[in-house]
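*Asks:* According to Swiss-Prot:
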| type | residues | note |
| --- | --- | --- |
| ACT_SITE | LYS207 | active site, proton donor/acceptor |
| ACT_SITE | CYS261 | active site, nucleophile |
| BINDING | TYR19, ILE20, ASP39, ARG44, THR91, THR130, ARG326 | NAD(+) binding site |
| BINDING | ARG155, VAL156, LYS207, ASN211, ARG214, HIS245, ARG247, GLY258, TYR318, LYS319, LYS404 | UDP-N-acetyl-alpha-D-mannosaminouronate binding site |
Amino acid sequence: MEKHGDYDIKKICVIGLGYIGLPTASMLANHGYDVVGVDVNEKRVNQIKNGELKIEEPGLLTLVKGAINSKNLNVRTSATEADAFIICVPTPALAKEDGSKKCDLSYVMSAVEAILPFVKDGNLIVIESTIPPETTKKIYETLNKKIYVAHCPERVLPGKILKELVENDRIIGGINKKSAEMAKEIYKSFVEGQIYTTDSNTAEMVKLMENTYRDINIALANEFAKICDEIGVNVWDAIKIANKHPRVNILNPGPGVGGHCISIDPWFIVEKTNNAKFIRAARELNDNMPAYVCNSVLSELKKLGIEKPKISIFGATYKGNVEDTRESPSKNVIKMLLENGATVSTYDPHASYFEYPLSTLDECISGSDCIVVLTDHDVFKTIKKDDIDEICPKLKNKIVFDTKNILEHSLWKKAGFTVKLLGNGAW
């Protein structure tokens, strides 16, 4: 193939074929690069080869098939020689004794070790995985090779990954200027947004700042919800009106924060400094929302004389219209309900995997005392009168607790339901 730009980068090895790695590898292959996609999960590799994706992402299957059919994308379980290596592996958070969390870099370091035998002088390594500040530099210092290393954090939203891979601005931080410029050469082959280059420490911090900002905003909304529950105000109405101010943009409250970014990344700042007390407080507030929801549900049921209830959970994924259950608040809500003697069934038409059993809709609601909505799937938003009429006879008690404010409450009330809304103290 012809080389791209000023640097002789023709072959790229992408390590990790998950939510970020597979779309990135496929995008590069469809833009002319010779790409080897690597994943240690042999089952996943075979599924990709056979066009059987477990990632529910619009347009991804077509993109992957196009890349494989063009012969530009080959997937395998081991690394190989290349001009550039892109690491797209998870960086989960590990719990610490003091109640905080820290970044688990084991997947990143395993990826580095896997490619090390194939890395030659002059090669480029790009780390897309979200990492704490100073990590890129430390990895470079351990390699003892004349290579280039950069950090280009992913910045996409599940459900819109392909669109945002192309349209979003990107930041690339290098351990030196040439590292950043080499990485930029690769990404500008498909990125239509602006690409900003800086040093690796800054790039690492920028990604963490972006998600920390959102986490803190959500924590503020959740604290407002708790206050409004106490003082007799509907927080949703209050936020809507407050946001009419041109310099106010409060996000919505909910049962907690999940996913692989917002619920994790702020901890990577906290672990680096003692000056992140506000960030830690926000993170802890959001982590405690499942307990608040659990206690609110059980308290309301107890007021109605319902002990040891059967509860129907609507939603296992961490956000609407995706199949991703990583760090989902639903897990902790269910865990706490079970610990408090409730029987719990869970319905989610999107989730492909969950720590707790998933039921059909009929199984979930049969004999139930209460429906608790935890995820804002469109299928829940669009429940209409006829659907409610079908649900009613299967329930033991007509109670619904909406933590996302997505149901048409008037329809449920007309059907005889008691409707409870998170953050609505004006019940």
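The backbone N, Cα and C atoms fix where each Cβ goes, glycine too.
What's the neighbourhood like for these features in this structure?
*Replies:* Other C-beta atoms found within 10 angstroms of the C-beta of LYS207 (active site, proton donor/acceptor) number 24, with every protein chain shown included. According to its DSSP assignment, LYS207 (active site, proton donor/acceptor) is helical.
Taking a C-beta cut-off of under 8 Å and a sequence gap of six or more, CYS261 (active site, nucleophile) has these contacts in its own chain: THR130, ASN211.
Every protein chain considered, the tally of other Cβ atoms within 10 Å of the Cβ of ARG44 (NAD(+) binding site) stands at 19. Secondary structure from DSSP puts ARG44 (NAD(+) binding site) in a helix.
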*Asks:* Counting across all protein chains shown, how many other Cβ atoms sit within 10 Å of the Cβ of LYS404 (UDP-N-acetyl-alpha-D-mannosaminouronate binding site)?
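*Replies:* Cβ-Cβ neighbours of LYS404 (UDP-N-acetyl-alpha-D-mannosaminouronate binding site) within 10 Å number 22.
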*Asks:* Taking Cα atoms as reference points, which of the recorded positions LYS207, ARG247, LYS404 is nearest to ARG44 (NAD(+) binding site)?
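*Replies:* Result: the closest of the recorded positions to ARG44 (NAD(+) binding site) is LYS207.
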*Asks:* Could you tell me which of these binding-site residues, TYR19, TYR318, has the greatest number of Cβ atoms within 10 Å of its own Cβ?
*Replies:* TYR318
